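Feature annotations, courtesy of TrEMBL:
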{"type": "ACT_SITE", "residues": "His34", "note": "active site, GMP-histidine intermediate"}
{"type": "BINDING", "residues": "Ala18, Thr19, Ala20, Arg35, Ala36, Glu37, Arg38, Glu46, Asp66", "note": "GTP binding site"}
Amino acid sequence: GKSRHAQRLAGPWATLIATAEARDGEMAERIACHRAERPPTWETLEEPLDLVEALKRARYPTVVVDCVTLWVSNLLERDRDPLAEARQFLEAVSSSGKRVIAISNEVGMGIVPANPLARRYRDLLGEVNALLAKAAQEVYLLIAGRPLKL
């Protein structure tokens, strides 16, 4: 639901920055499904880490980042600071003149994970989401495929 909602918001001409990495068969299938659902007019940039550089390369004035959740995970796996990277990305968005639609998951609404790394990830993603939401003109929470404007 999140990706389809972003597609409706973005329209027929957009650049997609895809952050997923096909590390196993199931993820490769997910990526293939997303590709098949994407408008053929969209430009796709596969960039798991450097959103600032991908934003600079984006051809269209509307950019969709799918998704922040995996981006933060990718950064953590490589010992990079997601909060610092998110701040740099927001600065780049501000100076780019582009309309950016960022897709993320709300992982903090469930139980507290028993694993310290999972707790750290959940907390960091929540902080990154809060930074993005604070800078956004519009924020939506999708529940059962239904967008709720916050």
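The backbone N, Cα and C atoms fix where each Cβ goes, and this holds for glycine too.
What you see is a predicted model, and the numbers here were worked out from it, not measured in a lab.
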Reduced to three states, what secondary structure does DSSP give Arg38 (GTP binding site)?
coil
Would you please pick out, from the binding-site residues Ala18, Ala20, Ala36, the one with the fewest other Cβ atoms within 10 Å of its Cβ?
Ala36
Where Ala20 (GTP binding site) sits in the secondary structure, as DSSP reduces it to three classes:
coil
Recorded GTP site residues Ala18, Thr19, Ala20, Arg35, Ala36, Glu37, Arg38, Glu46, Asp66, farthest C-alpha pair in Å:
17
All-chain count of other Cβ atoms within 10 Å of Asp66 (GTP binding site):
23
What is the total of other Cβ atoms whose distance to the Cβ of Arg38 (GTP binding site) is within 10 Å?
17
Going by DSSP, give the three-state secondary structure for Asp66 (GTP binding site).
strand
Including all protein chains displayed, how many Cβ atoms other than that of His34 (active site, GMP-histidine intermediate) lie within 10 Å of its Cβ?
18
In whole Å, note down how far the CA of the residue listed as 'active site, GMP-histidine intermediate' lies from the CA of Ala20 (GTP binding site).
11
